[in-house]
Amino acid sequence: MSYTDGSGRPEHNGEARVVQIYPRLPRDTSTYCPLQVSGGDTARAVIHNAVITLGLDASQRYSLLEVRKSGGEERLLEAGDHPLERVLLWPRKAQRWHPQSEGHYFILQKDNSAGNQLQSDRGGYDDLCNLQTVTEESILKALHNRFYRLNIYTYASNILIAINPNKFLPLYYNPKFVKKYENQPLGKLSPHIFAIADVAFRAMLTRQKNQCIVLSGESGSGKTESSSYLIHCLTALSQNSSGLERTVLGAGPVLEAFGNAKTAENNNSSRFGKFIQLNYLESGVIRGAVIEKYLLEKCRLVSRDQRERNYHVFYYLLVGASKEEKEEFRLLEPQDYLYLKQDDLHLDDKEKLRQEYKRLHQAMEMVGFLSSTKKHIFSILSAILHLGNVTYSQSEDAEVLEVGPADVLSTLSDLLKVKKELLVKTLTKKREVTATESVDSPYTLQEAYKVRDSMAKSLYGALFDWIVLHINHAMLNRRDMEESVSCLSIGVLDMFGFENLKTNSFEQLCINYTNERLQCYINQHIFTLKQVCVILFFQDIQECWH
Ligand SMILES: Nc1ncnc2c1ncn2[C@@H]1O[C@H](COP(=O)(O)OP(=O)(O)OP(=O)(O)O)[C@@H](O)[C@H]1O
């Protein structure tokens, strides 16, 4: 942290930014004090530097308050808070330079003048079990107060509640936080997702039993983000990852490209559930991982709400492919495909899609896809899109069902490496088998379109399963399998949608594991809050394993 010349130009030094601090003191001092503050600087350090810079009486106690135009409130920072974290939540313009007149700034004042309302918010409730009265209002107020103090995590006994900040908070997930939470009992430090990962890891080692973490919440609440922070932490806790971390981390973007889509609630919504099992030796060294997917939403492939998109990978491919690739995979423009066409198909994020296509290639390489295999996958994706352009016509007596257009059928036959005659037969005729004979008869027009769509869905489903299989193959330690090395596991279950949790035995598990006073409130309120994800650690629970 350093004092700047106050010339008005923001200075950046890595993570550091210039922060303006306005003194609110009985005697006149300079109008404001610009300080260069970096991510790791606490409010205590910033106050100390501001006091020195302004030439104030260092024997007095001072407080730092954040003022936000939108909230209109002053919020007191605790000594250990990081002022820069607050700045990163301000509008972009205010993050760079924030004169008092613009409404976002910090105030320095003598400690005894801090507002009462702010004092009552001090300390907050790290654990909802400590609330004096448990009502919907008190729970929401506690979560709200913590969120505005930038504490996105709160405990309810051994359950972690995470409020989606909808913004990357780099300081929260700094690798040094993994160390900070290592070997600490749950609740000793402020609530954090790394604390849950550490507790599961320790329980596995000390109790020599498999452990399980379940994530639940509505679409867009942050389950996928939270599970990737858990995986990061759980791989970092292992003493020796032997390159496996790279493979596990590469699996994420590949699965996202094929299994996520833009929906009304979430631009990157996972359309499948997943159970990730990390395997460790008894010593805590990571040895492998297995991903199990369930319930891929295949109908999205052929139809969806107007405001939503098909799976990411189609747009990555169509926008990101080179000229040669476009020729090789016979790619058209997005609006030329029935399965992508919609009234408002504005791909206003083409640059991002191009970048994602490159990132997908890298991630596929990280999990061991050879370039010939990648080509094969992209040919199948292209075939699925062309399949949607297959049309039918029927003779008046409904005796003959024609399929076309001819160029689409030729393209399909080339991409899928299937003879055209066989393709036509599959797309137009059903086979009825009796005890004595088998008879081929044409589909009705309605049936034929259903068959076409079913074929596209089956192809995509099979492709997705095969990709998961390939990733699992890359993540398993073959030597361990051959030598039957015994492993302990931590499972991370990313529930697909809230309804699953409501209707299966996890709700019961959750009740058994929660402080009684809170259990009904968690069920009634927290699980149903938008943008709130619930992370449950179930000690020694084996039910998730099949
Ligand atoms: N801890 C977090 N820090 C920063 N941003 C977050 C965090 N959690 C969620 N987000 C933001 O919210 C978006 C939605 O989160 P995420 O995709 O994890 O939700 P989800 O519950 O998995 O949704 P779905 O069920 O639709 O897959 C993310 O793309 C990210 O922008």
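Any Cβ shown, glycine's included, is placed from N, Cα and C.
Since we're looking at a predicted model, the values are computed, not measured.
DSSP states for the domain 'Ras-associating' (15-113), grouped as helix (H, G, I), strand (E, B) and coil, give 28 helix, 29 strand, 42 coil. Among the features that TrEMBL reports, domain 'Ras-associating' is placed at 15-113.
Summarising the annotation, TrEMBL assigns domain 'Myosin motor' to 123-546.
The ATP binding site annotation in TrEMBL covers GLY217, GLU218, SER219, GLY220, SER221, GLY222, LYS223, THR224. The Cβ neighbour count for SER221 (ATP binding site), using a 10 Å radius over every protein chain in view, is 24.
Mapped onto three states, the DSSP output places SER221 (ATP binding site) in coil. Taking the Cβ of THR224 (ATP binding site) as reference, residues of its chain lying under 8 Å away and at least six apart in sequence are, in sequence order, GLU256, ASN260, ASN268, SER270, ASP494. This prediction places the mean pLDDT of the domain 'Ras-associating' (15-113) at 79. Within its own chain, GLY220 (ATP binding site) has ASN164, GLU265, ASN266, SER269, LYS530, GLN531 as residues 6 or more apart in sequence whose C-beta sits under 8 angstroms from its own. The ATP site, placed at the center of the C-beta atoms of GLY217, GLU218, SER219, GLY220, SER221, GLY222, LYS223, THR224, has further neighbours from the same chain whose C-beta lies within 8 angstroms: ASN164, ASN266, GLN531, CYS533. Taking each Cβ in turn and tallying the other Cβ atoms within 10 Å, the top scorer among the binding-site residues GLY217, GLY222 is GLY217.
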